[in-house]
Structure formats: structure tokens, C-alpha cells
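Below is one structure, written out as C-alpha cells, with a few remarks after it.
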């Protein structure tokens with residue numbers, strides 16, 4: 001749907017992740033960049049994010065067999081504690097912590113939104129464009145996957161890049177806290193932050209997908225639940241303070257605090273169980289005929305995989321599903337400029353939606369991961385589109401005629417939509433991971449998620465264009481109800497193409513969805 005949360009796994013972009021049907025940028029998405037990006041990283045439904053579109057944002061298939069238990073966390077026979085049926089081994093803990101960082105980076109999301117609106121005095125359409133621009137790193141994730149797979153640093157393909165990603169994230173938020181004073185500087189700094197999250201996302205995704213091949217959708221769903229549960233928990237940790245700190249100390253202070261968080265990604269590299277390449281192996285992988293031959297082989301294998309109908313057609317559907325427009329930038333301006341919602345209140349809304357995101361992960365893990373993919377997409381998209389229309393009630397003030405205040409209406413509306421959106425986006429991650437062939441997990445998975453993030457960024461830019469066409473500005477919201485209706489109805493357009501998805505049950509080992 002058009003105006004839901006950005007869930008992408010990526011904090012800015014990264015939020016593409018919970019956008020469909022409700023806009024789960026992050027992201028990176030990203031945001032959701034991603035998100036992208038998605039894009040990610042669940043953000044309040046009425047809050048603008050720098051998505052991951054990735055959406056990030058985040059993807060985990062079949063590390064270990066699912067333990068039969070009704071408890072989310074317990075101890076397995078291997079001696080490790082388990083969460084969502086996945087053993088919390090050092091490798092799995094590293095992945096979970098990286099996802100946690102993606103969620104906790106939401107601490108700065110409200111600060112970014114208010115900084116663009118109040119300090120830089122941007123209009124809704126300009127804000128949406130900057131959000132889309134900052135999600136660009138989530139669109140070229142295959143490059144990071146190729147670099148990680150082919151060019152080890154100091155003998156490591158995973159550890160070294162996690163360390164570098166953390167340092168880059170710290171640099172980006174340090175710039176926002178000190179020297180950035182223009183929309184161009186803000187866009188560049190946020191883009192660096194998205195790059196940091198997107199690269200670390202690719203690294204841990206490759207670790208996940210290596211363990212995911214050949215597993216059922218049910219087992220893959222458990223892994224997805226662990227990752228997105230970690231991200232949602234990070235969002236809960238930072239949610240309340242994201243608003244109260246802006247109220248009390250201002251946006252620069254929040255950016256400064258956020259600058260320390262990516263260092264967790266650098267520190268967690270020590271948990272990764274990775275064999276260090278010998279000098280001879282390292283030289284062969286980065287130089288001479290070995291590197292060239294490896295590069296050509298990767299490109300050929302990627303093209304051979306992507307062009308297959310059982311990979312290309314589902315990917316096309318996911319792109320179109322993400323590419324429908326949304327109106328979240330316009331809604332953020334409406335609720336802050338017109339309704340007077342404060343950063344403190346929006347922080348509480350974010351807390352609710354972060355908890356709702358975790359609930360959505362749980363619902364998918366226990367009730368939906370064995371359900372047909374087509375059925376999940378059909379039902380959640382229709383329900384999401386219908387619920388998205390409730391924004392019209394808030395914009396026109398009809399909710400007050402029913403005795404429901406604007407604050408309680410927005411909290412309840414965001415809660416329901418976020419639960420639905422997170423549960424709806426999980427199958428996207430499961431499907432993408434099941435399509436990856438051995439030997440190039442990071443590259444192909446990154447390619448599939450980049451295409452998904454590109455859809456989310458496209459939706460954001462189309463939404464920005466519609467916002468401009470309908471004349472919605474910082475102070476003029478007369479056509480906002482029409483914008484909301486158009487965006488939500490457009491989310492139904494991809495449904496006739498559901499036949500592009502594989503027709504399988506949750507626990508089937510249908511080879512149509514596995515490329516080996």
C-alpha cells in the first residue's frame with residue numbers, strides 16, 4: 001500500500017522492508033536503504049525515513065534445523081540457546097547483532113525527518129527525493145557482494161568489511177552532528193550512512209544464505225524471524241528516545257549519539273567464524289588471471305541465474321509490488337505542521353510500531369511461514385490497501401466525530417498496519433534466499449534485494465511526483481485525501497501478476513524455488 005511504514009531492513013531505506021502492503025523504507029532502506037533500500041528498521045507509519053528501501057532490509061534462511069518448541073528463546077541440544085528455533089552460535093549472534101544495529105540506528109530517523117523539515121525548510125516532495133537519493137547504496141548491493149566474495153582484505157572476506165562498514169557509519173553521523181548545513185551535505189552524509197548499513201547487510205546476508213540452501217520455507221522463516229526480530233528489538237530499544245532526545249537536546253545531539261552505534265558492527269566481526277586465507281590464496285583471489293577468471297565466472301553465473309524464468313518472474317513481481325507510490329512524506333508534514341505532533345509523541349508512536357513489528361515477525365513465524373506465498377501476498381495486499389484508506393479519516397478529521405483523538409487514532413492505525421506489513425514482507429526475504437545458487441550467495445541475493453529496493457525507491461519517487469502534482473506542500477493539504485486514495489488503490493495493481501510467483505506450500509522442497 002501506499003503509505004505505511006518503511007521496513008526495510010536498512011535504517012534508511014532500509015525500510016522497504018515493512019512497506020508492502022504498508023511501506024515497510026531502508027531499507028536503508030534500505031531503508032528500509034532498504035532500507036533499500038529499505039528500507040528498515042521499522043519506522044512509524046506517519047514518519048518520513050531515508051529508506052532501504054533493502055530495504056534492506058534484512059533474509060536468513062536455514063542455518064540450523066528448527067527446534068520444536070513454543071518458546072522463542074530456549075537451550076538446544078547443541079548447547080546453544082535458541083531464538084525462533086535458531087541456535088545462537090557465534091556466527092548467528094554476529095548476524096543478529098548486525099540486524100540489531102540496523103534497528104537501533106532508528107534513533108536518528110526522527111531527527112533526520114525534523115532536520116530536513118525544520119532546519120533546512122524542505123517541502124514534502126524535496127524530502128521524498130532526498131530519501132530516495134540516500135537509498136541509492138541499496139540499489140547496487142551486488143557490487144558489495146562481488147567485492148566481499150572476490151577481494152578479501154587482510155585474508156578475510158567477511159570480518160574486514162564488517163569493520164570498515166562500522167567505521168564508515170560512524171563517519172557519516174559524525175558529519176551530520178558537526179559540519180552539515182545544507183540539503184546537499186545532508187543527502188551525502190545520509191547516503192554514506194546507507195552505504196555503511198547496506199555493505200554490512202550484504203556481508204551478513206551471505207553468511208545466512210550459505211546456510212540456507214536446500215532448506216524448507218519453514219526453516220527459512222525461522223531464520224528470517226531471528227534477523228527481523230533482532231532488528232525490531234533494536235527499534236524498540238531506540239524508539240522512545242528517538243523523540244524525547246530531539247525534544248530535549250536537538251537533532252545535532254541525536255546525530256552525535258548515533259555516531260557511536262555503528263561501532264558495534266565493527267566489534268561484532270570477532271564473532272564471525274571465518275578461515276583466514278593464506279598469502280598464496282589471498283594473492284590468487286585478488287590478482288592476475290585468478291581474479292579475472294573469477295570475475296568473469298561470477299558475472300556469467302549471475303546472468304545465467306537471473307535470466308531463468310523461475311528467478312526472473314518472481315523478481316519482476318516483487319519489483320512491481322514495491323514500486324507502487326506512497327504518501328508518507330506528505331503525511332509526516334501534515335501530522336507535524338497541521339496536527340502539531342511533537343517529536344516526543346512521534347517517538348512514542350515509533351515505540352508502538354517497533355513492538356508491532358516484532359509482533360508481526362512472531363505472527364509470520366508461528367502462523368504464516370507454511371502458507372502459500374501467493375495467498376499471503378493476496379490477502380495482505382488487499383487488507384493493507386483497505387486499511388491505508390483510514391488515513392483519510394485522520395486528514396479530514398472524521399475520527400474526531402467518532403470520539404477518537406488524532407493521537408490515539410494514529411497510534412492504533414500505525415500499530416495494525418505495521419503488524420500486517422512486517423508479516424507481509426517476510427515471504428519476500430524467504431523467497432529471495434531460496435533462489436540463490438551455491439558459490440555466489442552474496443552476489444545473487446544482493447541482486448534480488450537490490451531489485452526489490454529499486455522498486456521501493458521508484459515508489460517513493462512516484463509518490464513525490466504525485467505529491468507535487470496534487471499541490472501538497474508544507475502548508476497546503478487540501479488534496480492530501482485524494483493523494484492517499486490514489487496511492488492506496490495503486491497498491492492493488494500488481495495483484496493480477498501473482499501467477500509469476502511459485503505455487504508452493506510453506507514446507508515443500510519444490511525445486512522450482514531452489515536453484516542448485
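Cβ atoms are placed via backbone N, Cα and C, with glycine included.
These come from TrEMBL:
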- 16-39: compositional bias 'Basic and acidic residues' (COMPBIAS)
- 1-40: region 'Disordered' (REGION)
- 94-116: transmembrane segment (TRANSMEM)
- 128-147: transmembrane segment (TRANSMEM)
- 159-180: transmembrane segment (TRANSMEM)
- 249-272: transmembrane segment (TRANSMEM)
- 347-367: transmembrane segment (TRANSMEM)
- 376-396: transmembrane segment (TRANSMEM)
- 408-432: transmembrane segment (TRANSMEM)
- 444-470: transmembrane segment (TRANSMEM)
- 482-501: transmembrane segment (TRANSMEM)
Who are the chain neighbours of the transmembrane segment (482-501) in space, where the CB to CB distance is under 8 Å and they lie at least 6 residues beyond its ends? 1-3, 20-21, 313-314, 316-317, 320-321, 324-327, 330-331, 373-374, 377-378, 381-382, 384-385, 388-389, 391-392, 395, 431, 463, 466-467, 470, 472
Hey, does the transmembrane segment (347-367) touch the transmembrane segment (376-396), meaning at least 3 C-beta pairs closer than 8 angstroms, sequence gap 6 or more? no
Could you check if the transmembrane segment (249-272) is in contact with the transmembrane segment (94-116), meaning 3+ Cβ pairs under 8 Å among residue pairs at least 6 apart in sequence? yes
Top partner of the transmembrane segment (444-470) among 128-147, 159-180, 347-367, 408-432 - counted as Cβ pairs under 8 Å: 128-147
